[in-house]
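Notes follow once the structure below has been shown.
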């Protein structure tokens, strides 16, 4: 059945969403297939299903995730998307130095402040736009949204390479490029649930590991490029990544509702077409706030941003702290490399482990990750030996990968496949607030107190609090399920009694009629 907002666990995956009942009146209608043009409207011809879990017209068989096949190519495309988007963002420190050299002096405090806003605005906009992107994904599908987003990002990056001052980069790099990345990124999370269910955790781990790989490699590439050809040509080289991302978006093929429809789509030659013959049927509610009626999701959407107020502080200020604490060390960048390597390992490892953790209990993996991330943040100032700091960074990166890789599987478990796009969109939008606020507060503490010690101690507290909040989610979810099962069981019992009474009344009438005839 299509799960209502009060029955989030009814859709444990894409294959369980079946059109056996109407949607509740408060929920937004699903962006399913609309009427077809011309004579094809009368027959069961080609109908493309844009979201996982949609079963198509009445009487159609429910979709089963193929668990492979074309899905492996989709996985590689999503991996490239994660790597390109967040690899460039995580390597912004190299571009930051190059921007200072190009547009001003690094000793100019005002210029440093201006330049810092370029990268900060870019990262914040990627997550801030996600709720809007979720609406586009619901209405237009993953493929159209991702392809258009990559094209916009390409335009923003190209235009950034022709500016003559730092201010235009706020628009070209901070807004246009970032918004394009956001529109390309979120569909890569949603599309995986169309093609995988049993292996979804592993696939998400592989996809999110792409950002770790690019984070390790891109800083070295960007450093070589900026030193040899300068900032502007470096940005033009990065446009190649966005162009490949544009091509990768075409692989997000909608699943056909049946084998016949699939064959029809192949014969029609529009496998990679951006425009199908299906008319759009946009939801009545653009933003489906009804998903917040799912209590477990509402708690999750509060706990994750709460934890992130301190989550990104080490990633932003760690290098500055290392330069101040370990001045004699030569290879200071190795701490960031350690985080990137173990983060990739953690995404693969915990992504696979999540496949064996049933249902909403996957949240406990995120609780574990936040506990260690908070603890490692507090231990950073205590490290007086560089080797100890490397060990702390290795552990932090491992559990960073755990947190990221299971975000999409948990969203599927909490709200079901039909609402997962907006569920992820809202969550990422909320995440933009702590990502923007947390690091500047830590920087302010550093300026006031003269060291990062208090900043790192305080940065470890929000992940611990957020993890404690997430502990309540499995209990809330199971309690809601018991209420649903109890209600469903009572309705079934009433129906059985009605049928039994009806049968007894019918039998009594027949017996009376036979008695009268005998008399």
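The backbone N, Cα and C atoms fix where each Cβ goes, and this holds for glycine too.
Check TrEMBL against the ranges 72-97, 254-279, 488-513 and you find transmembrane segment recorded for 72-97. In this chain, the transmembrane segment (334-351) lies close to the transmembrane segment (200-221): three or more C-beta pairs between them fall below 8 angstroms, excluding pairs fewer than 6 positions apart. The stretch from 117-139, 146-164, 286-314, 424-442 with the most CB pairs below 8 A to the transmembrane segment (454-476) is 286-314.
Beyond the ends of the transmembrane segment (286-314), by six or more residues, the same chain brings 5-6, 8, 26-28, 131, 135, 138, 360, 363, 366, 370, 373-374, 376-377, 380, 396, 410-411, 414-415, 419, 422-423, 426-427, 430-431, 433-435, 437-439, 442, 455-456, 458-463, 465-467, 469-470, 472-473, 476-477, 480 to within a C-beta distance below 8 angstroms of the stretch. Within the same chain, the transmembrane segment (233-252) stays apart from the transmembrane segment (117-139): fewer than three Cβ pairs sit under 8 Å, each pair at least 6 residues apart.
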